Amino acid sequence: MYILATPQASNFVSGVDRAFLLILGICFVFLIGLTLTMIWFIYRYNRKRHPQAVQIKGSNTLEIVWTVIPTILVLVMFYFGWAGWKPMKTAPEDSFEIDVIARMWNFTFEYENGKKTDTLFIPMDRPVKLNLKSLDVIHSVYIPAFRVKEDVVPGNDKFMWFIPEKEGIYELFCTEYCGLQHAYMYNWVKTMPQDEFNKWYTDTTVRAAAPVDSPAAAGKRIMTNIGCFACHTIDGNKLVGPTFKGLYGHEVVLKVGGETKTVVADEEYIIKSILDPNSEIVEGYNKGLMQSYQGQLSDTEIDQIIEYLKTLK
Amino acid sequence: MQHEKTHIVPYRTYLIILVALLIFTLLSVKITAIELGGLTVAAALIFASLKSYLVLTYFMHLKFDKIYIRIMVGFVFAVFLAVIIITFLDYYFR
Amino acid sequence: MQASSHIPHDVSYLDYKGKHKGLLAWILSTDHKRIALLYMFSMMTLFLVGVLLGLAMKLELIAPGKTIMGAQDYNAVFTVHGVIMIFMIVVPGLPAVFGNFLLPIMIGAKDVAFPKLNLFSWYVYIAGAILVIISVLFGDGSPDTGWTFYAPYSFKTGTNMLPAIFGAFVLGFSSILTGLNFIVTIHRLRAPGMSWTKMPLFPWTIYGTAWIQLLATPVVGITLVLVSLERIFGIGVFDPALGGDPILYQHLFWIYSHPAVYIMILPAMGAISEVIPTFSQKHIFGYKAIVASTLAIAFVGYFVWGHHMFTSGMSGTAQYTFSILTFLVAIPSAIKVFNWISTMYKGSISLETPFYWAASFIFVFMIGGLSGLVLGALATDVYVHDTAFVVAHFHFIVFGGVGFAFFAAIHYWFPKMFGRMYDTTWANVGWIVFFIGFLALYSPMFYLGLQGMPRRYYDYLEQFHAANILSTLGSWVMTFGLAIVLINLFRSAKSGPIAGANPWNGKTLEWTVPSPPPVENFEEIPVYGEKDGPYEY
Amino acid sequence: MSQVIHHDEHYDAEGSKIGMWLFIFTELLLFGGLFIIYSVYRFSNQDAFHLAAEELNRTVGTINTIILLVSSMTIAMSTSALQKKQKKTTLALLGVTLLLGLVFLVNKYFEWGTKFEHGIFPGSQYMLDHLSQGEILFFGLYFVMTGLHALHIIVGMVVIGFAYAGVRSGRVNADRAALLENSGLYWHLVDLIWIFLFPLFYLIH
Ligand code: HEA
Ligand code: HEA
Ligand code: CUA
Ligand SMILES: [Cu+2]
């Protein structure tokens, strides 16, 4: 049944869609039935046709009937809702595990062999388990085609799982409001047949792709991929964080534990800003928004970023 | 209805209640000083409930008030208790 | 208790000249009817702001990409829209306006139990509103957390949150005081002979609502205080970095905010329960069942908050307990709907404007409520949680429910409040335009939600475009309808034809006093006999 | 004829008593929210809470409990005294209550003071560096809950102050005792909350 206009691509689809069908079905019956009854009464007992009302104060039988029947119906609805949801709670032991790192405002997917991507590549027809970690605020992973959704809560590691059943490319949204770029926090899920997936998974050349002519250009690419521009601009505008325009080599006013101090933004400072952003806060900005990129960026990558920042005069 | 007879509680009653409250307080201090494990919390809370019962009924005059005020108080405590229990359905089973 | 007074009984509350003149005569008056109008006009003003923000959002969403504002502004707009609409309009809405105006009259009292406290609540309300406005206009940007203020974002964002949070706290305080006042009024000031089972249904719903206001609001109050302390000192209660649990914040927030949705809807249901018998000229069907369902909603509604958190990572036990409780709380609403429709059976229905609003209320309320069932079931909620489907659900039920009931009520009691009649033709035209616009505006959101469009999205993918266009067009039609309705009411309040004391042949007590009512409502406090009752036609 | 408004100040003792009770309910739930938080965190940080509670001084806590209990009795007695038309005794009892409230606050002041000296206060660097997360939570709650309670003591004292003035001027008398009774109710509420705060913070090691 095509109740939902989204593709049906996981093992949960049948349970969820059955619940939808049943609940929506009952709802429509009641909605249409009651509305028609009401319209009929309004027509039939209009003052013109029925000038004298008949006083009826109530009926215990009816009250019982229309308490009991809806109660039974809602219990049925509850059951189907429960039945469709129950399997989502326990992932099979042999699941293929992937870490999902959510931060403002992107997801990174980390595979056991160290691969990192911003699109979720998954093999078909085997259980996939996503371990959800958030570095800052609450996010939520939502893949409509799989009928799954789970919040990513900082300090509270959770998971979600599913068996992809159809090849294709699907959306993955962040559905928990998480600030400025919440609406842009979506990625793609690509399901592939097992052998194709294996090929992709074992291919380590992908990450070193695209030959880059200068370190600065490499820096820019890295920053785009890892999502720095969600918070920083290069055109002088203030977003969540300070702009990078003219940052390098200029003075910055910092707040450290209630005191202000002025430093020059040199390489050391920028490295510190990236790896330990919350120890010193730029005046006028908030603590806790930018998270450390320790372990996510290699030293060469940081050097390349600095080279790029130097070009932003 | 203006001049319903108001019940005047004798000073003695209040004194007795105070003594009872003090005894409970000291008891709860003593009993929690012993190592009872999980029971410590229970013991402390039981004494606190006893004390609050005394304060409510005597100091706050519930004993002499109309029944519906007592029902309301009971109702509020029950609602609060239910809320705690339901919250713990989450934390206890996590 | 009802000592004779020195106020003449032929002067209406509108014309009465007391110690003060002009505006002062209003903002210093402790007359419940004047306070009701104070609330009404302050709410209207705020409401128009909220509507404009709503329209701005819809305009932004007419096409993907940037249309009229940036993402930061959009986030601020839906936050302020939500805060205004929830905390300033629909939570206090019907109780503060119609509860204040009519509760004392309907139970045969001269005023509420604590008139000064009543006026004070209004000032508190205004103070809260001003605080929120301050947070919007000053500081480093308007609040951008959504009306739910979820931790930890709400203490990480750099925007001006403190006044907004404090404003919501103050508004809650006003709500508590109003509730307290109403409960005491109902307990102490019912006319002699008016036993609990002879009290009209609107006061009954006010009673249920007042209890929720009293018992739920403090919880959100303390939660908001904690968020502020978190922002100022970093005490750690909700901060995962310090060991706090952000999900606990959600528990506490919804412990209030779910019952709050019943604060909104109960008085609306009460108003509908008055309108339908009057225009059917028939005794309400199942009086006792309706009363019982009111109390059941108020009571059970306290224990279902977790259905807003099905994907937050609660334990499975909590999830299905909340799901089942959610379904149980739907039953009393169903009972009400059945009784309303049965009241029409063999009635003698006159199709006046309030009845149109009431009938369309039942329709949109059913849609909103039935979509609530989709949200209450686990499997389906996991899919539609935080999508446009939820937005559609609550606009249908909050705004469809409360808004339609508000308009039913204002047309119904308009002659009583202002002593004049509105223009029926324009009122009906306004209704139909509004109704059509409403359906066009919010129905597409159900579809969008089923397609998987998340809420609070400033921008969206191309596949969501068509439905969004329809929705935006709907918002224009509806606003047009709203304008007709409001302008008609304003004009009629000034210059409509004079209305009699009882234009609809209603049987509740407010129709026994002149329109507009005199300052102290009753010359002589009415006495209910054995045979008297609110719906004896 | 002058239309001077004259809302005949109808006096309804029972009405204002219900009003006061309803207000007490909201206060109970206000603290109720905090008790929920406390119990959840206690549940998930058992050991840290035990450890942190060692920091608190039982003796001071016990003394403060006794002070509040006694003051609760004196204000309860003052109502009886008023009904017996013993104005002097009433005033004396109220005076004692106020005094005890003050002593409570002074104790609290010194108690908090020593914590601050040890570097324990909300948001302190010391706590971040030396205490575990559970302990930080404990002290966060400790300051919020006892702080809010102290605030209620202050409000209660102001209300009692009004009652005192009323009794003195005779506006509050045996026939119109509502103000006194209500301030008493409020004071007992403050006591009631302390009855639970005390074991939860000081006793459960
Ligand atoms: C006036 C306000 C109001 C009311 C009355 C309701 C009523 C109900 N609500 Fe709604 N709700 C909101 C306002 C309201 N809601 C708001 C504002 C939100 C979003 C908050 C946010 O996240 O920002 C929300 C969100 C919300 C959610 C969370 C969704 C999510 O975020 O994932 C859920 C889940 O269970 C829910 C369920 C229900 C149910 C079951 C009812 C029931 O009470 C409905 C009962 C009514 C009926 C059932 C219809 C009438 C009966 C019949 C026609 C007879 C036939 C009936 C049967 C067979 C049972 N609501
Ligand atoms: C009462 C509640 C109420 C009302 C009336 C409205 C009115 C409107 N709302 Fe909304 N809305 C909310 C409550 C309400 N809203 C809430 C709580 C949210 C969630 C915020 C969040 O995510 O944090 C939201 C979010 C929300 C969104 C989703 C944002 C997103 O997720 O991206 C959108 C999108 O278009 C929207 C649109 C509109 C429009 C176009 C109108 C209006 O233009 C419609 C115009 C209104 C009328 C024509 C008249 C209605 C009359 C009455 C209610 C009675 C008046 C009473 C008195 C004057 C006393 N609203
Ligand atoms: Cu991340 Cu929304
Ligand atoms: Cu809810």
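Cβ atoms are placed via backbone N, Cα and C, with glycine included.
Curation does not apply to TrEMBL; its annotations are automatic.
Features of the protein shown, as given by TrEMBL:
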- C:20-529: domain 'Cytochrome oxidase subunit I profile' (DOMAIN)
- C:36-57: transmembrane segment (TRANSMEM)
- C:77-107: transmembrane segment (TRANSMEM)
- C:119-141: transmembrane segment (TRANSMEM)
- C:161-184: transmembrane segment (TRANSMEM)
- C:204-227: transmembrane segment (TRANSMEM)
- C:247-272: transmembrane segment (TRANSMEM)
- C:284-305: transmembrane segment (TRANSMEM)
- C:317-335: transmembrane segment (TRANSMEM)
- C:355-379: transmembrane segment (TRANSMEM)
- C:391-414: transmembrane segment (TRANSMEM)
- C:426-449: transmembrane segment (TRANSMEM)
- C:469-490: transmembrane segment (TRANSMEM)
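For the transmembrane segment (C:469-490), the residues of the chain that approach it from at least six positions outside its boundaries are 44, 51, 54-55, 58-59, 61-63, 407, 410, 414, 422-423, 426-427, 429-442, 444-445, 448, judged by C-beta separation under 8 angstroms. Long-range Cβ contacts of the transmembrane segment (C:284-305) within its own chain (Cβ-Cβ under 8 Å, at least 6 residues beyond either end) map to 197, 201, 204-205, 208-209, 211-212, 215-216, 251, 254-255, 257-259, 261-262, 265-266, 269-270, 273, 276-277, 322, 325-326, 328-329, 331-333, 335-336, 339-340, 342-343, 345, 535.
Same-chain residues lying 6 or more positions outside the transmembrane segment (C:391-414) and placing a CB less than 8 Å from one of its CB atoms are 85-86, 90, 93-94, 97-98, 101-102, 261, 264-265, 267-269, 271-272, 274-275, 278, 352-355, 357-358, 360-361, 364-365, 367-369, 371-372, 374-375, 420-422, 427, 431, 434, 438, 441-443, 445-446, 448-449, 455, 485, 489, 492-493, 504, 510. Mean model confidence of the domain 'Cytochrome oxidase subunit I profile' (C:20-529) amounts to 88 (pLDDT, 0 to 100 scale).
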